[in-house]
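The feature transmembrane segment is assigned by Swiss-Prot to 50-70, 95-115, 117-137, 156-176, 183-203, 218-238, 242-262, 284-304, 347-367.
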Amino acid sequence: MAPVSWGQALRNYKPTGQQLFFSLTALLAAAVWGRDRQLDIGLFSPQSQLLALGLGFSLAAIAGYWVVPLLRRIKAGQFIREDGPQSHLQKAGTPTMGGIFAIPAGLLPALILAGRSPLVWALAFVTLAYATIGWLDDWQILRHRNNKGISPKLKLCLQFGAAFLFCLWLISQQGWQGTITTITLPFGWSLALSLLFWPLAVFTLVSESNATNLTDGLDGLAGGTGAAVLAGLGLWLAPQDPAIATFCCSLAGGFLGFLLHNRNPARVFMGDTGSLALGGAIAAIAIVANCLWVLLVMGGLFVLESISVILQVSYYKATKGPDGKGKRLLRMAPWHHHLELGGWSETQVVASFYGLTLLLIASCWLLN
């Protein structure tokens, strides 16, 4: 019998959305429980990451059974781009704006369990700010019954504005002498940036929120990978920043509860309401905890998705001929669509991206 390559094994593995949901949820819950045990934290302690994860999950899962039918009644259906994969056209009409229940469900337990920390409130506000920007975009799409929301320039200005105000608040709380000016790196290294840290922080917030937005293109993809990264950050920060770790795990639980309704075949999409908030929250956590390199590694999938779009657009423009048409590096960008058009099923792509994200999260401990 001929040996089977890794590529062939992945192509032959065809999980269901339900299998992916239960596998990811069980794995993240087990990892969070193990961290609690390692730190000798009881289940009902306010510092229990498993409690935060469970509460966020329960609230989002229950809320979804009420909100999803409501979104259907108000005809909050997704408009599918005609130039996208043809298999996605059957998703037209699936309710969007699912972030309106995933985000509050993930934030509420964090504020109850760790609300004494001003940083937790700041993280909650910046998450809600990006959710509001996303909601405005989603609402305009639904209102005009096409795939065009608010203008890209306005959207970007609002994202930069929210990032600037968040960083300004951090500076006001810490004072100019106490602000973060040095980035911690793996292997005990550090990089002194002085005040240049803050333009980098603003850029990180805007770019990460757009990166998660680009990743939100398949059932369960952004929600599952986002929950994994949030849980990974929570595990990383639990010993030194338990309040921020609680925020991470609570929001991770909210997205896992949302994933119950968003797994393939999706009953609801998170929309920009959820995807912009997800990226904004992850970036804000990395900024306040000064673990930008951890974000870069754990969220490597989001970076790859963004790079695939940048390369596709740049190459197309660079090779544009007299007829106005250029060449493409990928069949379609982002990367997940390239794999789809190459014959991969949605669940195969999602399973592979879950696995990649979990490997990247685990690799952080090797780099530390």
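Each position is counted from 1, following the chain as shown.
Glycine is no exception: its Cβ is also placed from the backbone N, Cα and C atoms.
Outside the transmembrane segment (95-115) by six or more residues, the chain places 46-47, 51-52, 55-56, 59-60, 63-64, 67-68, 71-72, 76-78, 121, 123-124, 127-128, 131, 134-135, 138-139, 141-142, 223, 242-244, 246-247, 250-255, 257-258, 261-262, 267-275, 277-278 with a CB less than 8 A from a CB of the stretch. Highlighted: of the candidate stretches 242-262, 284-304, 347-367, 284-304 has the greatest count of Cβ pairs under 8 Å to the transmembrane segment (183-203).
Using a cut-off of 8 Å between Cβ atoms, the transmembrane segment (218-238) and the transmembrane segment (117-137) share fewer than three residue pairs, counting only pairs 6 or more apart in sequence. Long-range neighbours of the transmembrane segment (347-367) within the same chain, counting only residues 6 or more positions beyond its ends whose Cβ lies under 8 Å from a Cβ of the stretch, are 10-11, 13-17, 20, 24, 27, 186-187, 218-221, 224-225, 228-229, 232, 236, 264, 293-294, 297-301, 336, 339-340. Counting only same-chain residues 6+ beyond the ends of the transmembrane segment (284-304), those with a CB under 8 A from a CB of the stretch are 119, 122-123, 126-127, 166-167, 170, 180, 182-186, 200-201, 204-205, 208, 211-212, 214-215, 225, 229-230, 232-233, 236-237, 241, 244, 247-248, 335, 353, 356-357, 360-361, 363-364, 367.
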